[in-house]
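> Take this structure, written in structure tokens, and hold onto it; I'll ask about it next.
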Amino acid sequence: MNLFEKEALIAQKAVELENTTPEDIIRFAVETFPNITFACSFGAEDVVLVDMLQKVSPKTDIFYLDTDFHFNETYETRDRLVERYPGIPFVEVKPEITPEEQAAQFGDELWKSDANKCCDIRKVQPLTKILSKYEAWITGIRRDQAPTRANSKKIEYDVKFGLVKFNPIAHWTNEDVWNYIREHDIVYNPLHDNYYPSIGCEYCTRQVMPGEDPRAGRWSGQEKTECGLHK
Ligand code: SF4
């Protein structure tokens, strides 16, 4: 399928898919773009999509960016998902340089001195590389997570990375996510039970107190609000 055909299909499908279920969107996505992957960060939305994918298309690749700086609880969540879904096709994606090489080249604690540079090295560059192997990707983006995500479509063309992007639960609320997790007894990161609604690298994530914005714990005290993975 060439780019023109993809864009025509996307424009037509964006409206059509708006009122379909996440499972139907995933089904459409994997059937239309067999060379597709799902980006998993082991957050609440992502474990929901892992469960759906395992039911709809268990062989679809699921990659995660291992920045080397995740919480232990995040790595343990990955391991518990492997136990829950034997054979789950996780693909580990690592940065080009180790934390030690990064410190030697850019100084200690780059996430404090230049978080954008750190995210670029440990997230954006590895993501760009892995996505270049696929023609479409699936994400757990929800519209009410942040103003920058409010206009996300269920299917859109990702200009930044040059492939089709599916956001099957774009319309879901946080409550919808947790209802699914409870109803299906899904494995989830225990940090969510300890005031971490949004979980990234350990150095750049803090607890969020009741009344705060759920993403207030990401890059707290900095202007930065996104890794650079999503527009
Ligand atoms: Fe570095 Fe923080 Fe970005 Fe992780 S979230 S890659 S530690 S700046």
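Even glycines carry a Cβ here, placed using N, Cα and C.
Curation plays no part in TrEMBL annotations; they are all automatic predictions.
Heads up, here are the entries from TrEMBL:
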DOMAIN    36-206  domain 'Phosphoadenosine phosphosulphate reductase'
BINDING   C118, C119, C201, C204  [4Fe-4S] cluster binding site
ACT_SITE  C227  active site, nucleophile
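For each listed feature, how buried is it and what is near it?
For C201 ([4Fe-4S] cluster binding site), the number of other Cβ atoms no farther than 10 Å from its own Cβ, over all displayed protein chains, is 22. Following the DSSP three-state reduction, the secondary structure of C201 ([4Fe-4S] cluster binding site) is strand.
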> In sequence order, what residues of the same chain, 6+ apart, have a Cβ less than 8 Å from the Cβ of C204 ([4Fe-4S] cluster binding site)?
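The list for C204 ([4Fe-4S] cluster binding site) reads F69, W111, A115, R218, W219, S220, given in order along the sequence.
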> How many other Cβ atoms are found within 10 Å of the Cβ atom of C118 ([4Fe-4S] cluster binding site), counting all protein chains shown?
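Taking all protein chains shown, C118 ([4Fe-4S] cluster binding site) has 23 Cβ neighbours within 10 Å.
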